[in-house]
Amino acid sequence: MRIIMKKTTLLVILDGWGYSDSDYFNAIKNANTPTWDSIWQEFPKTLINASSLEVGLPRSQMGNSEVGHVNIGCGRVVYQELTKIDKAIEEKTFGDNKAICAAIDNVIKNDSNLHLIGLLSPGGVHSHEEHIFEMIKIAKQKGIKRLYLHAFLDGRDTPPRSAEKSIKKADKLLQDLNLGYIASVCGRYYAMDRDNRWDRVEKAYNAIVNANADFIYDSALEALEQSYARDQSDEFVIPTCIKKDGHLVKVQDNDSVIFMNFRADRAREISHAFTDESFDHFPRKKHLNINFTTLTEYDSKLKCAVAFPPEQPINTLGEVLMKNHKTQLRIAETEKYPHVTFFFNGGREEQFEGEDRILIPSPKVATYDLQPEMSAPEVTDKLVAAINSGKYDCIVCNYANSDMVGHTGNYEAAMQAIEYLDKCIARLKDAILEHDGNMFITADHGNADMMVNPETQKPHTAHTTNLVPFIYVGHKKAQVALEHGKLSDIAPTLLNVMGIAQPKEMTGKTIFNFEK
């Protein structure tokens with residue numbers, strides 16, 4: 001039986017690869033990238049928007065991987081949880097939310113404690129501290145007597161040592177309301193792992209639940225100062241408990257815990273530790289009988305209340321490909337695997353018919369500047385094999401390097417990561433052109449394009465709001481058809497080159513026109 005070889009359309013998402021003309025600590029521009037340079041000169045290209053209102057975020061808010069992949073995969077501007085929650089606060093309906101009211105009612109009924117856990121940060125990527133402050137005010141208004149904040153510290157979507165301002169704000173608010181205090185602090189490295197480093201999660205869980213930690217101090221500010229003295233920036237603060245009047249706070253039966261992060265991927269692991277009856281990733285003293293509420297849905301398998309449940313979009317790129325009987329592959333290493341699957345499919349866990357997935361484990365290193373190539377070699381090997389197989393109509397892949405190494409603030413390592421990616425792109429280009437396929441290269445947001453803040457001269461570990469590239473590599477003649485494009489225009493462009501009709505739910509526009 002003759003096997004029909006498919007001409008693959010490949011979407012390569014270079015996570016954290018923004019565009020900037022500045023060469024000031026720009027790891028992308030200053031790296032040695034002969035393949036990228038030649039592609040940029042030879043093939044049709046443009047720059048598109050990956051942040052702010054154009055991706056459903058508040059004005060001037062930097063984009064992120066979750067938001068980026070949702071917008072790309074859905075082919076429309078998807079208004080994000082941050083925007084929805086901000087709107088609820090603005091319209092004064094946040095305190096009327098059924099799940100939040102139930103968590104508070106549980107505390108009042110049992111004369112127990114309310115615990116808020118989450119990333120205390122103005123970063124706006126995984127959480128926003130203003131949501132936490134609003135929750136504290138609502139708790140006071142509704143009659144809560146004892147509220148304890150377990151603060152995860154950022155230093156990744158914010159400057160590495162910037163938590164003091166947020167801690168002072170939280171401390172002052174709690175003190176002014178005579179409501180409680182910050183009961184524990186820890187870096188997001190521990191509480192917000194997403195790579196199955198359960199030893200990290202265990203330390204955070206034990207500090208929050210059992211008041212069991214390597215360090216105990218009299219205030220959150222003292223804990224932060226001592227962490228800095230140990231040369232631990234915000235992200236890496238070792239889980240620490242705070243003692244007030246000789247008292248350490250534990251989470252007990254009948255308490256309520258509200259998780260204030262709105263982004264799912266880094267909130268899942270510790271949520272399972274709180275809620276799973278048969279949890280076995282590390283020992284717990286007991287399975288707590290608590291009301292556990294999450295701001296958004298982190299995982300459909302979690303047994304908890306959700307304040308802002310997801311709205312499932314229809315006719316995403318994956319669904320349209322399935323309806324047209326096309327085969328598709330999603331591939332990434334662990335750090336970005338949820339993004340090319342769950343987020344790309346608009347918050348859908350299940351695979352579509354005809355959708356295969358390949359997960360490449362991320363390297364087990366403390367920080368990725370220690371291994372800037374990460375798992376890109378293995379990802380590329382699998383990608384080239386998939387292209388050569390002729391099995392797939394469409395492949396979506398993510399390279400994590402420019403984002404994950406960019407987050408370390410290590411400029412030299414970021415350049416090494418970019419240079420390695422350039423070699424990977426060369427292999428993909430050769431394979432696609434050999435098989436008469438189509439390749440689009442883009443990014444979900446910027447990061448490695450600014451490794452040092454020019455104003456402060458300090459490491460810049462957060463995302464940027466710079467535009468991102470969108471390049472077509474293939475044998476078709478293509479012309480830019482859309483100025484000022486955005487991430488939601490990518491899916492319509494892929495459908496266009498594949499000859500598939502765009503559904504009405506996709507409001508994006510094609511970026512390139514192709515000669516028939």
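Cβ from N, Cα, C; glycine included.
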D15, D444, H445 bind Mn(2+) 2 according to Swiss-Prot; which of S65, S375, S389 goes with them? S65
Using only what Swiss-Prot says about substrate binding by R156, D157, R188, R194, R263, A264, D265, R266, K336, identify which of H69, H115, H126, H128 is listed for that site too. H126
Check Swiss-Prot: it lists D403, H407 as binding Mn(2+) 1. Then name which of H435, H463 it lists for that same site. H463
Enumerate the residues of the same chain, D403, H407, H463 excluded, that satisfy the criterion Cβ within 8 A of the mean position of the Cβ atoms of the recorded Mn(2+) 1 site; list them in sequence order. D15, G16, N64, S65, R156, D157, S402, M404, G406, H445, N447, A448, T461, A462
Where among the binding-site residues H126, R266, H463 do you find the Cβ with the fewest other Cβ atoms within 10 Å? R266
Excluding its own, the Cβ atoms lying within 10 Å of the Cβ of R194 (substrate binding site) add up to 18
May I ask which of the recorded positions S65, D403, H445, H463 is closest to A264 (substrate binding site) if we compare their C-alpha atoms? S65
Least surrounded, by Cβ count within 10 Å, of the binding-site residues H407, H445 is H407
Which binding-site residues are spatial neighbours of H463 (Mn(2+) 1 binding site) here, meaning Cα within 10 Å, out of H126, R194, R266? none
Within 10 Å of H407 (Mn(2+) 1 binding site) (Cα-Cα), which of the binding-site residues D15, H126, D157, R266, H445? D157
